[in-house]
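Asker: Pasting in a structure now, in structure tokens, and then I'll have a few things to ask.
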Amino acid sequence: MIELLSLGFVQRAFLTGLALSLPASLLGMFLILRRFSMVGDGLAHVSFATVALGLLVGTQPFILSLPLVVAASLLLLFLVERRGAYGDAAVGMISGAAVALGVVLASVAGGFNVDLFAYLFGSILTVTWDEVWMSLLWAAVVVAGVVVWYRPLFMVTYDPEFAQVQGLPVRRYERILMVATAVTVVLGIRLVGVLLISSLIVFPASCAFLLRKGFAATLTVTALVGVGGVFLGMTASLAWNLPTGPAIVLAYALVFLLLALIPLLSRAVRGRS
């Protein structure tokens, strides 16, 4: 295991994974509290269609995916805001249509080749130094944004109506949140793949909510779980030759299960005593 960590591609993989876990987990907390978690899953499905289109036309998928997924994020936000109770249904329909389009494009391109499978399930061990620096830069941008705009984000997340009365541009913050999520999804598909990227966004915050702490503490725990889950998953992947993306998601699932069981076990112990 120590010998593997001396390899360049393993170092790049760890740096990229740990860097992307921060924006994914932090943004996930705001998405869940605003009940936008379906949007993250929808963007993952849209990114599948854009990747298939990029491979079909022979363009670097990242170049094509980024503007299209960002545009889709704003469209999904519009549907959620304007359609009210039907927002989730609209997101589900767009997600289904995007997956169907991706399958059709893949079929036209000659089927599910190695490149498409790499984007479906992740290929973190093949990242380049350019992608490493891009991930580190994006992590720094998101963390800095959360620190600088902590108070307005807190208000917009918990009580958007009150934030609006206080003069905060709620819609602008929501658009920024959607665009940031779109960028994170596009960057993150190299880590865990299109099919699992929403887990990278949702799991850390869901784990942190089980501890029932205040907003700042929950945000901190979310980031720690995000980074820790990626580290555990990638370590297990290297140690036991497992696929990296699924190993990371299973690590998150294990953490969630443990945190959910701790209160039950403690109550059972107190009851016996």
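Yeah, the Cβs are placed from backbone N, Cα and C, and that goes for glycine too.
Here's the feature list from TrEMBL:
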type	residues	note
TRANSMEM	12-32	transmembrane segment
TRANSMEM	62-80	transmembrane segment
TRANSMEM	92-112	transmembrane segment
TRANSMEM	132-150	transmembrane segment
TRANSMEM	176-203	transmembrane segment
TRANSMEM	215-240	transmembrane segment
TRANSMEM	247-266	transmembrane segment
Asker: Among 12-32, 62-80, 247-266, point out the range having the most Cβ pairs under 8 angstroms from the transmembrane segment (92-112).
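Answerer: Between the stretches 12-32, 62-80, 247-266, 62-80 has the largest tally.
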Asker: Return the stretch with the most CB pairs under 8 A relative to the transmembrane segment (12-32), choosing among 132-150, 215-240, 247-266.
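Answerer: Out of the listed stretches, 215-240 contacts the transmembrane segment (12-32) most.
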Asker: What else in the chain is close to the transmembrane segment (215-240), if you only count residues 6 or more beyond its ends and a Cβ gap under 8 Å?
Answerer: 1, 4, 10, 13-14, 17-18, 20-22, 24-26, 28-29, 124, 146, 150, 154, 158, 191, 200, 203-205, 207-209, 247-252, 255
